[in-house]
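S.K.: Next up is a structure, given as structure tokens.
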Amino acid sequence: RESDRRAWTPVSYTVTRQNATVQGLIEGKAYFFRIAAENIIGMGPFTETTKEIVIRDPITVPDRPEDLEVKAVTKNSVTLTWNPPKYNGGSDITMYVLESRLIGKEKFHRVTKEKMLDRKYTVEGLKEGDTYEYRVSACNIVGQGKPSFCTKPITCKDEIAPPSLDLDFRDKLIVRVGEAFSLTGRYSGKPAPKVTWLKDDIVVKEDDRTKIKTTPTTLCLGILKSVRGDSGKYCVTVENSTGSRKGFCQVNVVDRPSPPVGPVIFDEVHKDHMVVSWKPPLDDGGSEITNYIIEKKDAHRDLWMPVTSATVKTTCKIPKLLEGREYQIRIYAENLYGISDPLISDEMKAKDRFRVPDAPEQPIIKDVTKDSAVVVWKKPYDGGKPITNYIVEKKETMATRWVKATKDPIFPGTQFKVPDLLEGCEYEFRVSAENEIGVGDPSPPSKPIFARDPIAKPSPPINPEAVDKTKNSVDLSWQPPRHDGNGKIIGYLVEYQKVGDEEWKKANLTADSCPETKYKVTGLTEGSTYKFRVKAVNAAGESEPAYVPDPVEVKDRLEPPELILDANMAREQHVKAGDTLRLSAVIKGVPFPKVSWKKEDHEVSPKADIEVTGVGSKLEIRNTVHEDGGIYSLTVENPAGSKTVSVKVVVLDKPGPPRNLQVSEVRSDSCYLTWMEPEDDGGSVITNYVVERKDVASAQWVAISSSSKKRSHMAKYLMEGTQYLFRVAAENQFGRGPYVETVKPIKAIDPLHPPGPPKNLHHVDVDKTEVSLVWDRPDRDGGAEITGYLVEYQEDGADEWTKFQTVPMLDCVVTGL
């Protein structure tokens, strides 16, 4: 029972041992306990504790302290921290005892003598390079508890660790105006790093709204009630002697935009609509402008009417206005974070401010030609809107309809060259101006003009010179003037002046008598010296004169002959038989040379036509034949000399007949033909020979070869015993020449040979004046039947054989011996 109560509370009824554990007591309260024994008969009397017992744990020494850690090490100090024991032994900790042991020694020594209750201590005065172990014990009223686990051996030296940085913020941060924001993180490093905050590369300083808090392990930059100016790139730098680390954050403090920038400009004003424009806000609030809200208000009413809230452009058409009313426009800018204050325009009356351009003044026409004219005008009043185009129109003076000079726009120039005029027609022109409102009235018509080229006097002729002279004349030549004055050159006037005289005399009276760029001045005095000049004339008049550079003495001029050969006088001239041969050359020389043509140093054929003119000579032979070929020469001669040229003429014709046609190796079915090439190949290579045969009883020749290039041929497939004639002709590219024929027919038979000698000649009987002989037939008959045997005899010792007779049989009696 509790000491201050009278009621007893049972603890257990089943305890058979002589001890029991009472649970569920309250710490600090005082209790009495009693115990009774019980058997099967019943319960005995209770025995009670004599004094009250206060409930509390028994007091022992504390447990060992926990988490002994080395926080910092330098060359002469070590800083340690630890946590209290899990159990203090039932009594409060009164002090801690920190001990150290130099590595290599056995005993631990107490580090400090004074009473120590802090759980952090820096051991100083150590020797650099020494190595120590540390442990710590807790003490309470009972005494000193177990020491903690030892630290790892710690060597006294300055610790170095590069900075590390762990940030709680991302690269970008968006904050609404008026809200607070903070940038936090953790860092480390040995020695302890220095922390610096920058905004847009400028050091951040603390003020009423900006707070910077830095602990040995954490860092923080906080800004209260942010404003737009707090936007920027923030950078935190953690730096010690071993290096540095940086963290960045782009902070964008966003707000609704500032108002659009005025004034509101009325780009267009019409009776029923206006077009207005403005400039974007100076500050978009840190977020892109999503749209503008435009409203209109009648100046005499208080009601604002919406126009649009969807435009993103800085211009807008205000529709549905009433003519004559005055209106105000107000414009808001909007972004994701709100709508700006409005920009309000001045009052503007709805009425047309613009009109079409005025009519230009009467245009001026210049630079007229036969098919074009340049129209020039002054810019008229543009009606309040810029002129975008001019319209130029043309009309023949007798016509009624105006036609546009071009479909293309004419701008910004105030002149235009009108093309495609008809020469000789009279035209007038007018001009209209156009702006975006429309086309204005046309100008008054220009003064009429005729489409024709303006004519001026021509420039002088070019390079007049004396090209020839005789004892009473001079030939002049020149080139046309560079400029004809836009008028046709009618002709030229030639004048001459005797050296020493002042007067110029006309060689021709009218320009049309000398339309070409040459003239022969006649009637001059032999031996005198003259100057010459030439003028060009067109419808506008005479040009300035052009002078022959040097005076000319009038006398006959001697020039040796000169021959300029035409292409047909090349070294060798080929002409096909039957065609016309033409040889020609240009001849020069003063006086004009005497001309003579020859062939092989003889007079040319009478069939040749020879023509001589004042500038050259030509020889022509029609229907040429092979005999017209040869070497032709042209000789020109005057008192100053002579000159001769030659040309070999080859008349290309069919070849002549082959020569020496021979037949040999006659057989019963073939024979061999040979011949020689023609004496004359017709001026071209023999390409082939044509061989033909004919049965003497037939009238028709049969070709047996038409492509042979050789000068021989084997005639096959003859019929035995038939008589044949043969002929051969040569061919070149110009045709087939005449045939050469065999003189007499050839009979197709095998050739005959003498028979062989009779065999086995012997006598069968002898008399005093005769001998009987017999013999056998010879082995070969020579290709023909044996017609008889010739019997001869010779006296012994003589040289000559004496013919006896020819017998048909194989025996003979020789008599008269």
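Cβ atoms here come from the backbone N, Cα and C positions, even for glycine.
Heads up, here are the entries from TrEMBL:
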| type | residues | note |
| --- | --- | --- |
| DOMAIN | 1-58 | domain 'Fibronectin type-III' |
| DOMAIN | 64-159 | domain 'Fibronectin type-III' |
| DOMAIN | 163-252 | domain 'Ig-like' |
| DOMAIN | 259-353 | domain 'Fibronectin type-III' |
| DOMAIN | 359-454 | domain 'Fibronectin type-III' |
| DOMAIN | 460-557 | domain 'Fibronectin type-III' |
| DOMAIN | 561-646 | domain 'Ig-like' |
| DOMAIN | 657-751 | domain 'Fibronectin type-III' |
| DOMAIN | 757-817 | domain 'Fibronectin type-III' |
S.K.: Provide the three-state DSSP residue tally for the domain 'Fibronectin type-III' (460-557): helix first, then strand, then coil.
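M.R.: Residue counts in helix, strand and coil order: 3 helix, 44 strand, 51 coil.
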S.K.: Take the domain 'Fibronectin type-III' (657-751) and count its residues per DSSP category (helix H/G/I, strand E/B, coil), listing them in that order.
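M.R.: With helix first, then strand, then coil, the domain 'Fibronectin type-III' (657-751) has 0 helix, 47 strand, 48 coil.
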S.K.: When the pLDDT values for the domain 'Fibronectin type-III' (657-751) are averaged, what is the result?
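M.R.: Across the domain 'Fibronectin type-III' (657-751), the average pLDDT comes out at 91.
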S.K.: Go ahead and report the DSSP secondary structure tallies for the domain 'Fibronectin type-III' (359-454): helix first, then strand, then coil.
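M.R.: Within the domain 'Fibronectin type-III' (359-454) the tally stands at 0 helix, 38 strand, 58 coil.
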S.K.: Going by DSSP assignments with H, G and I as helix and E and B as strand, what are the residue counts for the domain 'Fibronectin type-III' (1-58)?
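M.R.: Result for the domain 'Fibronectin type-III' (1-58), in helix, strand, coil order: 0 helix, 11 strand, 47 coil.
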